[in-house]
Amino acid sequence: MQIPKYENKPFKPPRRVGSNKYTQLKPTATAVTTAPISKAKVTANLKRSISAGPTLNLAKKPNNLTSNENTRYFTIMYRKPTTKKHKTWSGDGYATLKANSDKLCFYNEAGKFLGSSMLPSDSDSLFETLFKAGSNEVQLDYELKENAEIRSAKEALSQNMGNPSPPTTSTTETVPSTKNDGGKYQMPLSQLFSLNTVKRFKSVTKQTNEHMTTVPKTSQNSKAKKYYPVFDVNKIDNPIVMNKNAAAEVDVIVDPLLGKFLRPHQREGVKFMYDCLMGLARPTIENPDIDCTTKSLVLENDSDISGCLLADDMGLGKTLMSITLIWTLIRQTPFASKVSCSQSGIPLTGLCKKILVVCPVTLIGNWKREFGKWLNLSRIGVLTLSSRNSPDMDKMAVRNFLKVQRTYQVLIIGYEKLLSVSEELEKNKHLIDMLVCDEGHRLKNGASKILNTLKSLDIRRKLLLTGTPIQNDLNEFFTIIDFINPGILGSFASFKRRFIIPITRARDTANRYNEELLKKGEERSKEMIEITKRFILRRTNAILEKYLPPKTDIILFCKPYSQQILAFKDILQGARLDFGQLTFSSSLGLITLLKKVCNSPGLVGSDPYYKSHIKDTQSQDSYSRSLNSGKLKVLMTLLEGIRKGTKEKVVVVSNYTQTLDIIENLMNMAGMSHCRLDGSIPAKQRDSIVTSFNRNPAIFGFLLSAKSGGVGLNLVGASRLILFDNDWNPSVDLQAMSRIHRDGQKKPCFIYRLVTTGCIDEKILQRQLMKNSLSQKFLGDSEMRNKESSNDDLFNKEDLKDLFSVHTDTKSNTHDLICSCDGLGEEIEYPETNQQQNTVELRKRSTTTWTSALDLQKKMNEAATNDDAKKSQYIRQCLVHYKHIDPARQDELFDEVITDSFTELKDSITFAFVKPGEICLREQ
């Protein structure tokens, strides 16, 4: 670096600001005349004195902007001085430079004067110089050249020029006369530099609105600033414009970066969620088939709503819709006057600054990847807490997230980790603008610490995502709804009195023919639907059929081995069941044991119920040596056929880790490469296991625990899935089966469900097909289709007795219930039944005051027949479009893997229901 050489120069007197050269004024020694002088004479003499003497460049007040064509205009950026490494500008404005002047005057975008600064000596560095103006640092952006830009700048600067400043000096006052030897006037030095400013009178009392002068509203609004949306709707193809209320100042338009990827149902979902979080009432849509997402409707406010429950089926893109909503609220707001805006009136910040996303720990990595996929992490700051962090490091990271504004906007955290940092979140809860809860059905327990922690944060805008919000418990339903929109259903006591009691009574099998109770229950159900549909959105995955590859569903009924039949008989005899006292809760242990027998008799010996109630050592030894079963035989044949006949991967799902152990051993013996995910896998390893399976072509199989690992996973690397056993809750199986048929899948999918013929496996399948009625009614899948199925999720004594029955003389008990066809692969069309009318007639006849024993027995028989008919009808409705195939008569199962392996499986498969995909149908 070159250091300038020191030179001892003589002192240079300072010059006045605004003067191009140094001027020294000396007072004269002439005697002052005391006689008064006329004003005109003083003025004339003063002009002569100034013109004859040295030139004085008297600075004018910068705000006095006259229409001077030689004035140059610039745009500027300004900020307060800061020592930050990454500096940002806090505002925009203008600068003016008058002709023959070396001073820049700076103003903010509203025309307020910020300060002035001298031009740099080097004119080439004009736009690189950092000027000091008052308490701000200022830098020139560019010079305005276009007439329209200059006119706009003049208008902005003239807003603060309504009241011109008073003159700095008075030329009309009588001044004493001073003469020098040359007969010329000179002003005294003290008077020349004194500023006689006129101060406005300041009232002693504080002014209130009552003392203010009333200005007409029209004149106030005439100069009101205009605001514009972040995106120009005219430059976007098929834009998504959000609805608004009457107070909105600007439209909110979804960023086309995301909007162009959204499907029609996702566009509707984003608008629905936005309306709910903004507290807008639902619009009245006459024709739901018309796309209303391109128009902004002015809606009334709904003060009861500030949250939303998105209950779409798995695979409909709930994560993408949520990211779109988050990005929209971070960048935009309808109330532009409440945030900082650019000089052109575009909001610079959005409605939300900090957003908290809470999800299962297995989905944290997936959420961050989705943000990176759709937005790029350079656009939005996403913070996740590392699993290697200590508790203190986590707390510090959360504190920094909330207090540092511009680094991170989104915090993704697991439900369990939420408890450890709850104190930091609660201290700064006013900084959190929005809460997103993925897999929100985990909050259904009112006593949950996680739920109470989230409630204590008191975040107004809440979004819950779930594919299974409710099955059959209205208490859990109330807990979730009251968390989303507190108080909308009233207190729990009033909710129980008004809704739970009448609906539960109507669903009780003992009241199935009580017309009054059923009518009241139906009325309360409809009332609840009207309340909750304002903020609950539920769509099924049927709308994905036109976007995803075809999917073929195959239900295979597997013949049980003789050892399995023997195990069923021994267990049922040893249990000594008393069906008169038996309930579903008391028989859960026995049900689980029988399900294990369906998977493999070798699981019996380690079962707790078997050890405590049966303890047959001789039978146990014979079972433990028999690891095979009908389903295991079919499974291994399918796996071998998939490996040899295709280049596809496969996912095997079970509800029991012990069953996965057996399958894993068999796959190891067969030399099938695989990976596994269950409850024993640490959370930090799960994401890497899924990624490895999807990307590594050498991995053939994926063993998945339905309950421990089936939440939110994306396994599109596989195109075939085998559900080895069933769960009582149909949503568990549906969620597990949806792991492969979702966005990102490129191949046709095949879903296999294995069921042991005539055993408890098949009874569970039948219950699954009949269930979901309560969920469908309250979430809007179908309001009337399942109107009569309000009690189909309850067990009576006959149901339990049938549950423990083993049918060895049937090819499919399910097919026997619904159809009498020959199983030749035809799709059966069922005639409409008059079931509802028969049910109503039975109800009316059961309300008579007296009946004889003979009539009572007749009615009981009719009721039993009616129940069987109803059960058949519900199962039949769920199996619409399925082909009925008896392998003894038809060897085409619409799948090349099963067809090629049919010689091995012919004795192991007793029946099949097949719902072919589009490709299979075209090939036929």
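Heads up, the Cβ atoms here are built off N, Cα and C, so glycines get one too.
Copied over from Swiss-Prot, here are the features:
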BINDING   I346, P347, L348, T349, G350, L351, C352, K353  ATP binding site
COMPBIAS  1-10  compositional bias 'Basic and acidic residues'
COMPBIAS  168-178  compositional bias 'Low complexity'
CROSSLNK  K615  ubiquitin cross-link
DOMAIN    299-487  domain 'Helicase ATP-binding'
DOMAIN    631-790  domain 'Helicase C-terminal'
REGION    1-21  region 'Disordered'
REGION    155-183  region 'Disordered'
MOTIF     472-475  motif 'DEGH box'
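Of the listed binding-site residues I346, L351, the Cβ environment within 10 Å is emptiest of other Cβ atoms at I346. Counting only same-chain residues at least 6 apart in sequence, those with a Cβ under 8 Å from the Cβ of C352 (ATP binding site) are I326, L329, I330, D433, M434, R461. Just so you know, the Cβ of L348 (ATP binding site) picks up 13 other Cβ atoms within 10 Å once every protein chain is counted. Under 8 Å, Cβ to Cβ, and six or more positions away along its own chain, G350 (ATP binding site) finds T328, L329, I330, R331, Q332, T333, V339. Secondary structure at G350 (ATP binding site), as computed by DSSP, is coil. In the structure shown, across all protein chains, P347 is the one of the binding-site residues P347, T349, K353 with the greatest number of other Cβ atoms within 10 Å.
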